[in-house]
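Trainee: Taken from Swiss-Prot, the feature active site covers Asp128. Taken from Swiss-Prot, the feature substrate binding site covers Leu75, Cys76, His77, Met113, Glu114, and the record attributes it to sequence analysis.
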Amino acid sequence: MSQLTHINAAGEAHMVDVSAKAETVREARAEAFVEMSAETLAMITEGRHHKGDVFATARIAGIQAAKRTWELIPLCHPLLLTKVEVHLEALTDSNRVRIESVCRLTGKTGVEMEALTAASVAALTIYDMCKAVQKDMVIGSVRLLEKTGGKSGHFKVDA
């Protein structure tokens, strides 16, 4: 098993020194889901929400969150992201919204946390915008789908 990179020999948390690492293209994809009633999902997809376009707001929130991950997660590095995408899909058969984020850069550390943060904050934004209509929505299944680049190589979740 790999060692924890953010813990030193004394067991103290620290930010990893990446100064000697080579710059490579790195990309990560993550997803999250928001479960809700059919009525709430229809309100979103039909554009009937009084606060406006829920998906557009969640998309912008996810993009902004990816850019600010280093301010939210204590040991993350500030990164110069070159791409952030947040896709939202209404899954009417299961009354869920699927959120997928993609982050990319050329740099010395990966973008997994940025992708996970983007998907998570987009989900939280959907909850925030719809909580007046439905308080028992469930945010879940937040996970890394794929990452490329860097020393640890390629990772892809099994389908």
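Cβ coordinates are placed from backbone N, Cα and C, and glycine is handled just like the others.
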Trainee: Among all the protein chains here, how many other CB atoms are within 10 A of the CB of Glu114 (substrate binding site)?
Mentor: 28
Trainee: What's the longest C-alpha separation between any two of Leu75, Cys76, His77, Met113, Glu114, the listed substrate-binding residues, in angstrom?
Mentor: 12
Trainee: List the Cα distance (Å, whole number) between His77 (substrate binding site) and the residue listed as 'active site'.
Mentor: 28
Trainee: For the substrate site given as Leu75, Cys76, His77, Met113, Glu114, which other residues of the same chain have their Cβ within 8 Å of the site's Cβ centre?
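Mentor: Neighbours within 8 Å of the Cβ centroid, excluding Leu75, Cys76, His77, Met113, Glu114: Thr69, Trp70, Ile73, Leu79, Thr109.
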Trainee: When you measure from the Cβ of Leu75 (substrate binding site), which residues in the chain that are at least 6 apart have a Cβ under 8 Å away?
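Mentor: When sequence neighbours closer than 6 are ignored, Leu75 (substrate binding site) has His6, Ala13, His14, Met15, Val16 within Cβ distance under 8 Å.
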Trainee: If you measure Asp128 (active site) to Glu114 (substrate binding site) at Cα, how many Å is it?
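Mentor: Distance between the two Cα atoms comes out at 20 Å.
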